[in-house]
Amino acid sequence: MARLSGVERPDDSGLRERKAKAVEEPVKQPVEGADGAAAAAQAKKKTIGRTPDGTDILVLSIIGLHIVLLYLLPSFLRIPIFAVLFLSWRAAYNIGIGWLLHMQSNHSTMVLWARQTKIFVNPATGDNPHPQLYSFIKRELETKIPEDYSFEDAPIEYNTWLVFRRVVDLILMCDFTSYCLFAIACGSRPAEENFLVLILRWVVGLGLVLFNLWVKLDAHRVVKDFAWYWGDFFYLVDQELTFDGVFEMAPHPMYSVGYAGYYGISLMAASYKVLFISILAHAAQFAFLVLVENPHIEKTYNAPPPRKRTIESHAGLAGEEKSSRRPSESSEMVPPPSPVALPSSTHNLVGVKNLDLHRITDSSIILIQVLFFALTMLTPSTPIYQFFFVLNAAIWRLWYSVGIGYILNCQSHRREWTRHFVKFGETKEEAWNQWKGTYHLSMTLCYASFIAAAWKMYTLPENWGYGLAILKHVLGAGLIALQIWTSVSIYDSLGEFGWFFGDFFFDEAPKLTYSGIYRFLNNPERVLGLAGVWGAALITSSRAMIFLALLSHTLGIAFIQLVERPHMQKLYGRGLRQDAGLVRSIKRSLPPSFKQLHGSVDRILDESIEFIEEVLDTARPKLAAGVTTFVKDTSELFHKYPARITITRIEPDLAGYDMNDYSINVDTSDCITIRDGAEDKSEVLVFEYGSPIKVNWTAPLNHSKRDWVGLYMIGQNPSREVTNVSSWGRWVATNHGSFDSVLSEKGLIASDVVVSKPGTSNTSKKPSAKSSSGKKSSTSSSSHEVASGQMVFSGDKLWWTQGVFEFRYHHNGKHNVMATSRPFEIRIPKFDDGQIPSHVSSNGNGFMTTAIEQALLPIVQNCFDRDPEISPQTAEEPFGCETEGDLKYAKRVVYAVHQMFGIEFATEVVRADGNVQNLAWRICNAKKVLAPYSMRKSNGASTPTGESEEMK
């Protein structure tokens, strides 16, 4: 990470050297000496407006006001007032700071604010309009960092981050203080609580608070102030993500286990109000993590790797490659060989987004779920029905663990599942697809039957305030949420291949990678993955549900020990990790005697497992007799159009601007001109799908520096005077540094270039007299000077769809339209089968594939923004990589293929094909399959239509 994020690299070396020293130091190196020297220097330095230990008096004063307010308010107002106070500070944290960080990550907004306001410019230069603010900030920051820091010489990114830290300190301190005061206001002792429960409640609560404190301190020890205050949102250092200490124990410890203290305080306060507001605050923090931090981490530290480029060694090899694509009956029916022998995941099963009712597995699951729901809702909750629902759940759990485990065990030792399909002439890919359907159906029915049984056994409490009814429901819901989160994390780490035990079916298994939740736990499904069944048992308080939970947990552990673990040891051997991050952290903290005890327990468990395996191996032939396998045969895409949101902002006074000086014209050097109409009186400008569009504009010399140009579809805006529909990011500023977003300047080539323009004798300054097309008046007089500029719209600033569009020039950051460009069209050319030589046989696709490649390559290059890093230069060169969450390039290609060839693919198909050659082969075969249903004639054999011309 040798560059700054979204801002230019500072020339100052002090920042880099200071961080480089910190990086070179060991993580656990003591720093007391350095801190002591800094403290001594700070003691000698005169401090104004700060306490002797360096804490801001303003922050302490606001905290003190909170405490005073607690004692001044009457008792009946304390709880609501401090609830509002805490929620306000929490909103300032999660919404306020979250918005600032989001804008800084994507647009460098805070750094742009600092540049625009010039608050860090030395007043001696005469360019700083706020000299007093400059002096105040300088005094504050130099007091905060007494050594190794120069306010004048530090990069603007670093100074901006330091000011941001002061705001964060205020919000975080007030957030925690208001929460503690709210807990004090709500604190009480239950009337029926005995002394033993009181002691237990306080001991556990204090333990959670101390654990929370240790997590925060250890996290700060590892990440230091740079990551603690989100420094990488402002600038980057040559350092990767750190996983040490508490970061080895749990994912995002400051947001997960780092909130244990909130629940400890709730326990000590013995208040459900504190508990519920703690859950709300914790949920808001997770939303902050998901919406702000995770996207920035993915963008900064987990960028996709550079693509592999194909280099042709010599012309002879290229000639052989071309000749190999000639039509032949033996080669054309076989797809290009995949460089990886693993199955391509193009039609996933797991998740609502992958639901496909055309697939028999999904439709069967939906029908069975409806049946379960109907039976559960329409039958009474009598003991006999409860018994049958619990029995049904137990049977499905046995099948899910024992039956599926038996199939996987046979597949691991003798490949029985794959052999069955090979026996009937099918491939191992077909066996894999059928297995995925069987496992997915079994898992769904197992949990559906469990939920139905829990519903039958559940009864609403008659009195929610009696006993622990509320607490049991809260804890139960928390355990269910924990299992859902664990399952999602496992799927994100393993993918479709690992979720369905792909290494049981394919020998070419990928190398083990311990990422995601597996960084901390070897088998998260052993405990966390079954937390939800215990949550249901806790909510229902039913002995039958406790039995089901115990059965589920026992069978789950047995499945891991008897099926998964032996196969993993056989497949990966010494590549398996012995201890996960959490276990390593716990072992490091254990005394030697406990470590010896742990080793003895491990040996006993290993010997017991070996004994059970020997018994099962002996009984397997008898158990296998008469056992048969069950076989089952195995999208809708929604195109979302942007909402028409009115966001009109109008400048009331346009006096002083010559409307005839405003013009906007589309550069026609890259467009295709087509005659429109029989008399050829007009021309239609047509641009290729995805090609960059250059725009030239002119404006008066006194035009606003906040003018901007937007791209709109014709018909979106009913008015030619005012734009009332959002551009959805498809706009470019006319001048640098005018808006709080670096994206607004993306595409800006030149601005405010003074040029000469012929004048008009009847110059009008009324908005209604403007020329929307930017054409000059016929009555010409002496020329005058105007400002001009050029910009290019490309990538995300284009409409990735066909249609007729226009550019609009807007005034002063508002939506007054000063000029409108000539309409132009974005079009995808239809692929004409008539271009293929007529001698191509019906069973040979060589020329067809080549023609499709030639037609498709420039479109695909446009879809990848013509970026040399990701855009293919040849049909054989692979596409660039993109993350799972951002499929914009694949979506563009899917739309282009659909419009060009009339064939609709999923985005996963484009990603799996990987290059234009494979995609062209797939299109060619899809056209052959769909030829009998096509509305156009085909060069191949098809049913005669009896018509003399093609249907349009």
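Every residue, even glycine, has its Cβ placed from backbone N, Cα and C.
The topological domains that Swiss-Prot gives for ALA191 and ILE517 carry different names, which places them on opposite sides of the membrane. The transmembrane segment (249-269) and the transmembrane segment (365-385) are not in contact, since fewer than 3 Cβ pairs between them lie under 8 Å (pairs 6 or more apart in sequence). Among the recorded stretches 167-187, 195-215, 441-461, 544-564, the one sharing the largest number of Cβ pairs closer than 8 Å with the transmembrane segment (365-385) is 441-461. Under 8 Å from some Cβ of the transmembrane segment (464-484) lie the Cβ atoms of residues 272, 275, 279, 528-539, 541, all in the same chain and six or more residues away from its ends. Only residues 6 or more beyond the boundaries of the topological domain 'Cytoplasmic' (188-194), in the same chain, are considered here, and those with a CB under 8 A from a CB of the stretch are 201, 269-271. Taken together, the residues in the topological domain 'Lumenal' (485-543) have a mean pLDDT of 83 on the 0 to 100 scale. Among the recorded stretches 167-187, 272-292, 387-407, 544-564, the one sharing the largest number of Cβ pairs closer than 8 Å with the transmembrane segment (81-101) is 167-187. Across the candidate stretches 167-187, 387-407, 441-461, 544-564, the maximum count of CB pairs under 8 A to the transmembrane segment (272-292) is reached by 167-187.
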